[in-house]
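Marked as compositional bias 'Basic and acidic residues' by TrEMBL: 1-12. The region 'Disordered' annotation in TrEMBL covers 1-29. The compositional bias 'Polar residues' annotation in TrEMBL covers 13-22. Annotation source TrEMBL lists transmembrane segment at 47-69, 75-94, 168-185, 191-212, 278-300, 316-342, 363-383, 389-410, 422-446.
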Amino acid sequence: MTMGTEHRHNDDQSYGQSQNKSLTEEEKKQKQIDDWLPITSSRNAKWWYSAFHNVTAMVGAGVLSLPFAMAELGWGPGVTIMVVSWLITLYTLWQMVEMHEVGDGRRLDRYHELGQYAFGEKLGLWIVVPQQLLVEVGVDIVYMVTGGRSLKKVHDLVCDESCKDIKLTYFIMIFASCHFFLAQLPNFNSISIVSLAAAVMSLSYSTIAWAASVKKGVQPDAEYTYRASTQTGKFFNFLSALGDVAFAYAGHNVVLEIQATIPSTPEKPSKGPMWKGVVVAYIVVAICYFPVAFIGYYVFGNKISDNILESLEKPVWLIVIANMFVVIHVIGSYQIYAMPVFDMMETFLVKKLHFTPGLPLRLIARTCYVAFTMFVAICFPFFGGLLGFFGGFAFAPTTYFLPCIMWLAIKKPRKFGLSWCTNWVCIVLGVLLMILAPIGGLRSIIISASKYKFFS
């Protein structure tokens, strides 16, 4: 009996040891996967990486549509919405940076991990992942359109009448071609040169846009009344413009992933250098957004195009340079928004479907993603309407109020205190934006679609 018990005890002990060994092997395997995945593979970034990655993510093609949004909003509401959006999104971005490190030493490297920490494992995934994917894939599709349109504008300006007219479809394909190669860069740090170039370009073309507008002077036909003649049109255009503004502040969808690249210790957490980079980025955002929006609207009034560079036709050489700057910038921006998508795809393929991590998997998965965004961009190049629709439907939650709900769930501030009230104000304004903006954007898409021929 004693021998049997002893024998069973030895069996149990050996079982426990083998289980422990297999757990250690499993941990090793998980570490190897994490060291391969784009977001967690490199953690040696400096604070200035955060600055230019955030500028590249924030100051996108949306800045060029801000004067058009001002024309739909009018002076009073337009200036108010622009400034309030800047303040709210800076506040919610600060909250996300603060929540990156958890008290128990863990780091929440991805937006959905923060969602899971706040709402629970399953609910957090269902709340965050669909919205984040909609934003990131939506931005990449819009940037495909923007890159193609800017290349077409350069071609049309440089060529004389003897040049053959080339369809927008081909320019989108030309723009997409470089992404098939750039998409193979493994992580955020490896695209830092591309991102830095993109950040410099965004500041450059924004400066060209407002400086050329000042040089042009106020146009004789500039009027500051609403563009639409009917009350219905004015109302829907106003809603669509709200989405344009929301689209302009979309960097929250990649901020935790950018912060994950910065080293962190209990003594020196990553939130210090990250916040320094965010502040620099937001100063650049203000320098780009406000002059372009206000001066562009002041010069052209309600005759402004949905891309200010299309309204600025002279001097030709300067507008050609500005459009090339836009192309370089959206190349970098596309990659910044694509990287978290690559991370999600590769995590799913390796951890859930048990594919072997390596170059063949990365090559096929990322090539398919670039091809998908290119195809959708070719089918639906309604630039202004797309901005309004995506801006309200997906950007408002992830940018304006989801961080506030997470802050209330995790930090539990005192009821009716300053933090509690501030967060609830942001939540109410964000929910209104989410409900109202897509209505206007969808109407713009329907109107554009009625005149559009596929693959034109």
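Every residue, even glycine, has its Cβ placed from backbone N, Cα and C.
Stretch with the largest number of CB pairs closer than 8 A to the transmembrane segment (75-94), among 47-69, 191-212, 363-383, 389-410: 389-410.
The transmembrane segment (363-383) makes contact with the transmembrane segment (168-185): 3 or more of their CB pairs lie within 8 A, with pairs spaced 6 or more apart in sequence. Through the fold, the transmembrane segment (47-69) approaches residues 78, 82, 139, 142-143, 146, 188-189, 192, 195-196, 198-199, 202-203, 205-206, 209, 241, 244-245, 247-251, 253-255, 258-259, 261-262, 272-274, 276-278, 280-282, 284-285, 288-289, 292-293, 295-297, 300, 304-309, 326, 329-330, 332-333, 336-337, 383-384, 387, 391 of its own chain, all at least 6 residues removed from its boundaries and within a Cβ separation under 8 Å. No contact links the transmembrane segment (389-410) to the transmembrane segment (316-342), because fewer than 3 Cβ pairs that are 6 or more residues apart lie under 8 A.
Of the candidate ranges 168-185, 191-212, 278-300, 191-212 has the most C-beta pairs within less than 8 angstroms of the transmembrane segment (316-342). Listed as Cβ neighbours of the transmembrane segment (278-300) (distance under 8 Å, sequence separation of 6 or more from its ends, same chain) are residues 48, 50-52, 54-55, 58-59, 63-64, 66-67, 69-71, 75, 78-79, 82, 86, 90, 93-94, 97, 199, 202-203, 206-207, 209-210, 213-214, 216-219, 222, 224, 248, 251, 255, 308, 311.
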